[in-house]
Amino acid sequence: MRKLDAIVIGSGQGGTPLAKALAQSGLNTVIIEKRWVGGTCVNDGCTPTKTMIADARAAYVVKHSYDHGVDVRSFTIDLPTIIARKNKVVASSRNNTEKGLQQTKGLELLYGTAVFTGQKIISVMKDDGTTETLTADKIFINTGAKPLIPAIPGLAHVSYYDSTSLLDVDKIPTHLVIVGASYIALEMGQLFRRLGSTVSILEKSHRILPKEDEDIAHAVQDMLVSEGITIHTGAAVTELNQLVPEKIQVTLSTNDILEASHILLASGRVPQSAALHPAATGLQVDDKGYILVNEYLETNVPGIYALGDVKPGPAFTHVSYNDYIILRNNLLKHTRQSTQDRPLLYCMFTDPELGRVGLTEQEAQQRQLPFTVVSLPMSKVARGIETGETRGLMKAIVHRETMEILGASILGASGGEVMTVLQMAMAGRIRADQLRDMMFAHPLFSESLNNLFMQLKQA
Ligand SMILES: Cc1cc2nc3c(=O)[nH]c(=O)nc-3n(C[C@H](O)[C@H](O)[C@H](O)COP(=O)(O)OP(=O)(O)OC[C@H]3O[C@@H](n4cnc5c(N)ncnc54)[C@H](O)[C@@H]3O)c2cc1C
Ligand SMILES: NC(=O)c1ccc[n+]([C@@H]2O[C@H](COP(=O)([O-])OP(=O)(O)OC[C@H]3O[C@@H](n4cnc5c(N)ncnc54)[C@H](O)[C@@H]3O)[C@@H](O)[C@H]2O)c1
């Protein structure tokens, strides 16, 4: 058995920089990866989807160019070129990540599948067919998550896609039916609609984006419907039947029956922990298989930590990366940073995008905080009017007494960037009334934060 100082299992968004930092600090470190370095974000998630979403946006802009006085009579979509561009962007990111790991002194990149076989003992089934047993004082689990395959009657007998396989679909679906109506469903639904598919989105809850405020969810729904997407809410799939190739009958709890050419399952993700055999090293997991950690990302087994999507909580690339920062600082710089105080933030890359930070209105209500809601439609934002980007709204939740910004939802062009301005204000404790009176360059989207907060009473 080979004894190391540190082992990182999984080369995701947290594990990769962590392995480098551990090795650079002088610890003899191995990082184990069963597939491709970079994990979900680089290979199946953010990088490929945001690349293809940009292509679909190009199609949308061309289609609407007449409004801007540019008359494009016709255009065609070249799916192989779109997929080839996506593959090139992904390969470049993956190769650079691999090089970065291989060139780090004191770090070994081991391709294979890790399994716990005893207390802090890991068996690696290597890609070359051999097996090696490793142990270390410190073990970091960064094995991420994978698509959830829901139990739908008939699913085993139909061909379906998940968010990974759809990225390599060989033709544009004529009718893409998507199960689920959250980030993956809405981003991919709009993407394929813009490439020419008929798209139907099915959500079993009574509305899409249940975690968002109702007005925001409705605005997103209106925006997607205006592009020709059909959304069925309160609609669980009760049966699937493959009639002929590329013809799948989809029966809904609402008694509607759809005929899909392609089905995308986008109903959540599950942690990749079971195959690790966490019980063999005494690790506690919850009922869904998430590896339990405390606010310092420590598991119940001393010396074993978990970071990224494999632990409970928000599953985003920036969260996994921030987990790395916390572990690096605590273990190598001897701080005691915790996950407790970081704000929730993310951006859903529909077009326009939804930038979200901090509390929603419904969360502020649940916490019984004294708050005021301010909102501004993008149709009143100067930059939006000038560029023709008038869809969406800016909304912020402000503490009524302290004028502290508690949270914001910015649905609009550059919504993620405007949200980040507010995130910085929240981090720096800049109050809403200060933003109301602050000078911003004209005519930026962020300049309209003046107008958004103008609804607050003058101090
Ligand atoms: C379609 C899609 C779009 C997304 N878009 C965004 C976005 O725009 N913004 C955003 O913030 N987030 C986005 N996400 C989420 C984001 O990709 C994840 O939150 C992020 O990648 C989590 O990274 P991680 O560090 O937990 O692990 P991952 O990136 O999932 O990496 C885990 C790695 O561990 C490896 N592994 C697993 N088990 C073993 C084992 N037993 N032995 C060895 N190796 C193992 C896996 O092969 C994988 O490489 C998206 C996700 C999807 C699916
Ligand atoms: N822009 C981004 O940051 C981004 C983009 C894509 C994915 N992600 C990450 O990936 C994760 C997974 O995303 P997701 O969209 O797959 O899942 P999700 O867990 O966010 O949402 C799943 C949705 O599917 C619905 N659902 C579940 N079972 C269903 C069924 N049988 N029929 C109909 N509807 C059903 C749920 O009610 C829910 O609305 C997210 O948590 C997110 O963190 C992030």
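Every residue gets a Cβ built from N, Cα and C, even glycine.
Those TrEMBL annotations? Automatic predictions, nothing curated.
According to DSSP, His442 (active site, proton acceptor) is assigned to coil rather than to any helix or strand. Per TrEMBL, active site, proton acceptor is recorded for His442.
Sequence-distant contacts of Asp309 (FAD binding site), defined by Cβ-Cβ distance under 8 angstroms and a gap of at least six in the same chain, are Gly12, Thr40, Gly144, Ala145, Arg269, Pro271, Ala315, Ser320. Residues annotated as FAD binding site in TrEMBL: Lys50, Asp309.
TrEMBL lists Gly180, Ala181, Ser182, Tyr183, Ile184, Ala185, Leu186, Glu187, Glu203, Gly268 with the feature NAD(+) binding site. Within 10 Å of the C-beta atom of Leu186 (NAD(+) binding site) sit 27 other C-beta atoms, taking all shown protein chains into account. Leu186 (NAD(+) binding site) carries a helical DSSP state (H, G or I).
Of all Cβ atoms in the shown protein chains, 24 besides its own fall within 10 Å of the Cβ of Cys41 (disulfide bond). Under the heading disulfide bond, TrEMBL lists Cys41-Cys46.
According to TrEMBL, the domain 'FAD/NAD(P)-binding' annotation covers 5-321.
DSSP assignment over the domain 'Pyridine nucleotide-disulphide oxidoreductase dimerisation' (347-451) gives 40 helix, 30 strand, 35 coil. Per TrEMBL, the feature domain 'Pyridine nucleotide-disulphide oxidoreductase dimerisation' maps to 347-451.
Nearest Cα neighbour of Lys50 (FAD binding site) among the listed recorded positions (Cys41, Gly180, Glu203): Cys41. Taking the C-alpha positions, the distance from Ile184 (NAD(+) binding site) to His442 (active site, proton acceptor) comes to 34 Å. Within 8 A of the CB centroid of the NAD(+) site residues Gly180, Ala181, Ser182, Tyr183, Ile184, Ala185, Leu186, Glu187, Glu203, Gly268, the other residues of that chain are Ile178, Gly189, Ile201, Ile208, Leu209, Ala266, Ser267. Between the C-alpha atoms of Glu203 (NAD(+) binding site) and Cys41 (disulfide bond), the distance comes to 25 Å. Under 6 Å, Cβ to nearest atom of ligand 1: this is the test, and of the recorded positions Cys41, Cys46, Ser182, Asp309 it is passed by Cys41, Cys46, Asp309.
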